[in-house]
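Enquirer: One structure is given below, represented as structure tokens, and several questions about it will come after.
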2 protein chains.
Amino acid sequence: MNSSPAQLLSAQNVNQLLDSVQAFLFDCDGVIWKGDKLIDGVPETLHMLRSKGKKLVFVTNNSTKSRSQYANKFLSLGISVTEDEIFSSSFAAAMYLQLINFPQHKKVYVIGEQGILEELQLAGFTALGGPEDGKKTAQLKSNCLFEHDKSVGAVVVGLDQYVNYYKLQYGTLCIRENPGCLFIATNRDAVGHMTDLQEWPGAGCMVAAICGSTQKEPIVVGKPSNFLMEFLLKKFDVSCSKMCMVGDRLDTDILFGQNAGCRTLLVLSGVTTESVLQDPSNKTQPEYYTSKVSDMFDLLRP
Amino acid sequence: MNSSPAQLLSAQNVNQLLDSVQAFLFDCDGVIWKGDKLIDGVPETLHMLRSKGKKLVFVTNNSTKSRSQYANKFLSLGISVTEDEIFSSSFAAAMYLQLINFPQHKKVYVIGEQGILEELQLAGFTALGGPEDGKKTAQLKSNCLFEHDKSVGAVVVGLDQYVNYYKLQYGTLCIRENPGCLFIATNRDAVGHMTDLQEWPGAGCMVAAICGSTQKEPIVVGKPSNFLMEFLLKKFDVSCSKMCMVGDRLDTDILFGQNAGCRTLLVLSGVTTESVLQDPSNKTQPEYYTSKVSDMFDLLRP
């Protein structure tokens, strides 16, 4: 939607952006926090935006937590956010299954963590796998048959720190052998900031593993999929052009915003460096970029 | 090399094939055995071929064993094969590093099993990871730094039944952060016959996981790569047109043979069914196909 080079956010253009936007969609990792550490100036900035009547939405591809777990994480960092303001890819997976009327008698196998299981259960689905299968091992010996539940109709794959061969085999068998079984990816981020010091393999790692063994491509429900944006638009009564997506990733956050016709602001506090942004090989240009979210607050001060 | 439809092996054409071929390259899983079970008639057929003066070579993408472990497996199934006749993808990985003069002071990190470690060590390289890291866990908490060896210059990825997040993180960090670090895949088979009753995720699963987290593509050393064939041609004094590749997979075995200009024989005793072979969407046609290796023996009998 925006092919001209990104503009640096400045005291000159920040007012125009704030005046024309009714809702800010924030990515979390690398924008609000890094690992368990709040990024400087975030509380003041969110408070300033709320005081100007802006709607705030927190959209995260990290599927390890449910919305209620995210609300607790915000609270522990001193920020008050309601569950209704949070859209995690774990929640998106559950909403996707609800939207397609996934049959209640079918089960969902999870390669992922607690957040996915919780959201699936809250939405009324029967979920298998997840953390519970983290200690299981697959017995590879003659005459051994690995049993899997034939009533699994969808495999949801997200970030899984306890991924193992058992889960990979279980998910692979369901997708290869259960007729019509869906392969749903919460997201495909290559790496994430699970601690504040370095990057770690993201859901893109586990999702690719299942692509490798099934030779199928997943339905992606997190950023930058259209599914999540359409869902957000239904929930909030704001037109795309009055929404601004704020994120640290070009290939998920900024693309997600641009695909929907939203305004976009890249922050350099996460995975994207200025040299990556400015590199001629980079085809995704946000409308604005700045070092961190609180620049919005600082630039507004007289 | 061969775009006409595959011919069924018959009493009419089997003599022509045997007379014109000096060396038979056999895939193992699905051709010689399924899991731990020998496929019917294999010993008699190999004996018949040897008695006719044919060279036999066993080429397997399964990297979990070293050549010496494979020789023992053949022996346990009642077939006498020397290490020199065995070309496993574990051995291919070590030979690749030798061929490119991989520096002896650099280390190799392994996401895979004992076979890769053994072949690397036999070739004089220092290998880390593998089974030893199968019980390690990655600590994801604030201020935690996952340490990795900066002298790792290559990550070799093969089938790994003990794959975990620790290994995925280790391999990913080496490839993303150690300058010039190579990403080598023993092979990319989606599934394999690790037991005789069903298919299991193959090296293609673990390799794809690392592609997902590093966003890089590997150097593949097993079938159907040209590297392995060139290596075989150097070892054996037989021209390609006098070699016949016998395998159960179109995308590895048959393609591997065809890429090099070898004769090809598909056996239906492994992953490929006749309907897959005959499907209009299948573009890889072997020269001949038959139900199993011993058909060569049976068709020759008066």
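First residue shown is number 1, and so on along the chain.
Keep in mind that glycine also has a Cβ here, set from the backbone N, Cα and C atoms.
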Enquirer: Based on TrEMBL, name the residue from A:Asp248, A:Asp251, A:Asp279 that is recorded for the same Mg(2+) site as A:Asp27, A:Asp29.
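Expert: It is A:Asp248, as the record lists it for that site.
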Enquirer: Which has the fewest other CB atoms in a 10 Å radius around its CB: A:Asp27, A:Asp29, A:Asp248, the listed recorded positions?
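Expert: Sparsest of the recorded positions A:Asp27, A:Asp29, A:Asp248 by Cβ contacts within 10 Å: A:Asp29.
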Enquirer: Around the Cβ of A:Lys223 (substrate binding site), how many other Cβ atoms lie within 10 Å? Please give the count over every shown protein chain.
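Expert: Result for A:Lys223 (substrate binding site): 30 other Cβ atoms within 10 Å.
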Enquirer: About how far apart, in whole Å, are the alpha carbons (Cα) of A:Asp27 (active site, proton donor) and A:Asp248 (Mg(2+) binding site)?
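Expert: Distance between the two Cα atoms comes out at 7 Å.
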Enquirer: Inside 8 A of the center formed by the CB atoms of A:Asp27, A:Asp29, A:Asp248, which other residues of the chain have their CB, for the recorded Mg(2+) site?
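Expert: Not counting the recorded site residues, we get A:Cys28, A:Gly30, A:Val31, A:Ile32, A:Thr60, A:His193, A:Gly247, A:Arg249, A:Asp253, A:Val267, A:Gly270, A:Val271.
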Enquirer: Express the distance between the Cα positions of A:Asp248 (Mg(2+) binding site) and A:Lys223 (substrate binding site) as a whole number of Å.
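Expert: Pair distance, Cα basis, whole Å: 12 Å.
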